[in-house]
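S.K.: I have a structure I would like to understand better, so I am pasting it below and will then ask my questions one at a time.
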Amino acid sequence: MDASSARRKSHGIGAGGSSKTPSSQNASLPSGMKSSLSRPDSLMPATLVPTSDREAVPFRISAASSGSDISKERLIQLLTNVEDEYDKVIKENARLKAQIEAMSRPGFHPSTNVNLFAQSGGICGISARSSLSSKNSFPLAQTVPADAGAHSPPLSSVDSSLHKLKILKEEQLQKFKSSRRKIASATSRLRNVPSAEAAVVRNFSKHNDGVWDVTVPRAATCPYSILASASADRTACVWNAKTGQCLTQYQGHDGAVNSVRFMSMRVAMGDSVLVLTASGDCTAHVWKVNASQLASKEDQGDPTEGDSFHSSSKPNRMLVNYPLMVLRSHTNAVSCAEWISGTDQIITASWDRSAIVFDVETGDNLNTFAGHDDELTYVSVCRPQKLFVTCSKDATFRLWDLREPTLQSVSVFQGHTDAVNCAVFTPSGDSIVSGGDDRVLRVWDLRNMRSPKSSVRMDGAINRLSISESLVVAAPLDNRSVELYSITTGKLTRLPRAKRLGHQRMVTAAAWFDDYPPSSPAYGLDVNLVTSAFDRQIIGWKTITG
């Protein structure tokens, strides 16, 4: 999948056909019609009914015509009528062209020349408010003389065209004014959203293209303070959250890496960590980060102050080129992949409009879920229950139950008006928060799924959001902002953004760190939120509201 076109599809338009030359067309006609079409003076005489009677009797053929020649003579009459109408159009166009050329001359003045055009049956009663010497100037205002009703002919085709041009100009002006009002409204909303108490702590830079996704492990399953990123440069990186160092870079995909997740099973100190990535190459990969690499980097401690803001990878980072497992079944790009909590299974979402559950041990396709009308953009699993949601460009997201043998969706959520880019369960599993291209963040109660219990308008299209343990939603937006919404209090704030502070392009994903217990080696981490963007950066934030 091309990195620059991951969120849009190009449609190839093919054109084909054949054209016939006049000679080949003439050759297909009967021999009797060839001579008639080549010599207009050889047309046989026919008697036509007057114009007023044509609706009742379209044609009346002369008695001299035989029964076998009726069809031929009827065709000849039709061609004769077409030729007459064509001659009239040519003459009318020539007359109008002469009038327009006269109006374009430097010495022309509407008030002194209006009678000339009225007598010639041209543009009657048109006066210009501005000079007509310019080729781009057209008369749009009309004045009708007192005797126009007696001497003026009906409006010509030029009058109709000028009238349509005036209407089109007014419509474009109204659209422009409306767009200005929308821009002003969006700008005022952006200014009115208060800034959150947050600061940039660390910048993780290694990728050579836009970063599509960022994720962190759960504190209950992983003792390491690490994070992972997926990029359009066909790589995924695992980072030390404390030092900003790139620990491992995975290079096994042949397409852009669209999502990344850590294994949901419990990992002890000294154990390796499994990572799951989904790619535009139609596959999902499972690969491993060695515990020795994680431990050695943890022991380095915090970097110096000069390296804390812009940290990058060191030459001794580990490169992984081959996966432990390749999951193949999709026929189009895999947009997202997720571990199913408490099992050895993985679920993937693809642009082929399906979601597939795989067995991690064997790589087998266990179940395929279909039902969406457009490409799938995201999949999320509920931790406490065996539920998951799939999001789609068809403006819906669906709730599925893995315990149901029928593989039918439990519910279809239709509250959005555009593509749904993300839907995430709250930590308790009783609510879902969704967002998409319609710029509205919606909170749904699983006990009453007919309508959202709250909706919040954002300043841009919403991408892959994250929910903290304190129920604060971090919503990354297309307009380079990240807005924080508290489900508990309803408060909406925005991460600070200034020159050289914050992202400079579309923010693609966000991830909250869990609160590590004092016994965890990751306790005291100075970053509690990370965001990724298409400016090739991952930023670590310290927020008070998180």
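Along the chain as shown, the residues are counted starting at 1.
Glycine is no exception: its Cβ is also placed from the backbone N, Cα and C atoms.
Predicted automatically and left uncurated, TrEMBL annotations should be read as such.
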S.K.: May I ask you to indicate which of 72-99, 240-267, 352-379 is given in TrEMBL as coiled coil?
M.R.: 72-99
S.K.: Over the span of the repeat 'WD' (413-454), count residues by DSSP class, listing helix, strand and coil in order.
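M.R.: Its residues fall into 0 helix, 21 strand, 21 coil.
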S.K.: Six or more residues beyond either end and a Cβ under 8 Å away: which residues meet both conditions relative to the repeat 'WD' (413-454)?
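M.R.: Same-chain contacts beyond the flanks: 374, 377-378, 380-385, 387, 389, 391-399, 460-467, 469, 471, 473, 475, 485, 487, 490.
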S.K.: Could you please provide the mean pLDDT value for the repeat 'WD' (327-368)?
M.R.: 94
